[in-house]
Amino acid sequence: MRRAYTVKQLLESYRAGDTDPVEHVSRVLDALRRWERDVNAFISLEAEEVLIDAAEEAARRWRRGEARRLEGVVVGVKDNISTSFLPTTAGSRMLDGYIPPFNATVVERLLMEGAIIIGKTNLDEFAMGSTGEFSAFGPTRNPWDLSRVPGGSSSGSGACLAYGACDAALGSDTGGSVRLPAAYTATVGLKPTYGLVSRYGLIPYANSLEQISPMARSSEDVMLLLEVIAGGDEYDATSIYSKPTTASREEGLKPEDLSLCIPEELVEHSEEAVRKAFYNTVGKLEGLGARLEYVGLGGAEAYALPAYYTIALAEAASNLARYDGSLYPVRGSSGDYWRQAAEARGIGFGLEVKRRILMGVYVLSEGYKDEYYLAATKLRRVIRDAMLKTVGKCLVATPASPIMPPRIGERVDDPLKLYAMDVYTVLANLSGLPAIALPIEIHGGLPVGLQLIGPRLGERLLAGAANIIEDLTGLAGVVAG
């Protein structure tokens, strides 16, 4: 274990003249050369000369006193977020080589504030996975233990942070796809309130659940990134015209200001190492003055996972219907439309995506829609109401994952075990609430993460609570190696 710059530390170092963007980008490139072949965190990388040119421009801006908020900060972007200067594949053979004609809104906002985008990070195909193993470009490995998964679907975003190839990253979170990688790579992932960040340019998996989400090596850093990318967008009708305020340690909460609600029945389903780390951390917080309350979630514990997957797979089946072999890189050769579509989808989609499409079509089919899909939407309202009631009085605290990082290949052949990895994280997506995951312990050389779920637009509150936990654990800024 070693330490790397947090974004805040890096910007302070630039400001003081202790380092400059050219030196920093050179260090990042050294980390890439050392780690990337083994980890496979990126699908595509920007050319080195382009990165050095961008670093030189950033250095000039710092010297002239014209630095923007992310000037010289190296950022990785998940490869389901559109970029006009690098391919956007969504981790799928279906989109291999596809370069969009536009940038996603979040990418435009990063570039306007001086971020240097190093490349597009690996992911489970179309963001459908919890381990990072379902990419057409090969699995991503966990830098903390190369025999284990880094979590998914934002696997590359977590992994590149964990070995020092970027200072911050963007992922997308549909049911925990930023928070699971954060838990498994000792990084911080923040899923914002639904609508706070524009989804324009995001290749969709499940529109009503997913959010583009920041990742970094500290809670302050994810808030800084969120400050840049958040806000309304005329190209996304679901976006809201609100912006968070950056939280700093000086204006943050004190332990005695914290109220945590713990769904004890849910936590008890986690592995012993995870459970011990979780209760050890919340116990220390209680010792510092935080208030703990053990609660039930009105049935959310039992129904959240099946409701989530029913809704997500139905939306996925609808979204992926557009890939019919006529518009994107993988095309069918038959002149008959249906044969062309079948051929292209057979070639272009991986096994997990095919499985989810079939299940999504099934729950939407005549005779089953009421029994499955409509029932799931009703359960979603019950879960949302229970969560809104709970976060009105406290932050919901759970482990970020019920298990330690599994070994590569351990869960791919058992969909039920694979999907159960999301049991804690789907609560925030079903209710549209913000949630943060951060490391609380390194156990046997592997990270363990904690999740906090807060009220709508409560990102600053979550960051303040995370600041306290980071002070307690001392794990902000750690990287593998």
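Each residue, glycine too, has its Cβ placed from N, Cα and C.
For the recorded site, Lys78 (active site, charge relay system), the DSSP three-state label reads strand. Within 10 Å of the C-beta of Lys78 (active site, charge relay system) there are 30 other C-beta atoms, taking all protein chains into account. Positions annotated as active site, charge relay system by Swiss-Prot, on the basis of similarity to another entry: Lys78 (among others).
If you look up Swiss-Prot, you'll see Ser153 (among others) marked as active site, charge relay system, on the strength of similarity to another entry. Reduced to three states, the DSSP call for Ser153 (active site, charge relay system) is coil. For Ser153 (active site, charge relay system), the Cβ neighbour count at a 10 Å cut-off comes to 35, with all displayed protein chains included.
Summarising the annotation, Swiss-Prot assigns active site, acyl-ester intermediate to Ser177. Counting only same-chain residues at least 6 apart in sequence, those with a Cβ under 8 Å from the Cβ of Ser177 (active site, acyl-ester intermediate) are Asp124, Ala127, Ser130, Gly152, Ser153, Ser154, Gly171, Glu210, Ser213.
Reduced to three states, the DSSP call for Ser177 (active site, acyl-ester intermediate) is coil.
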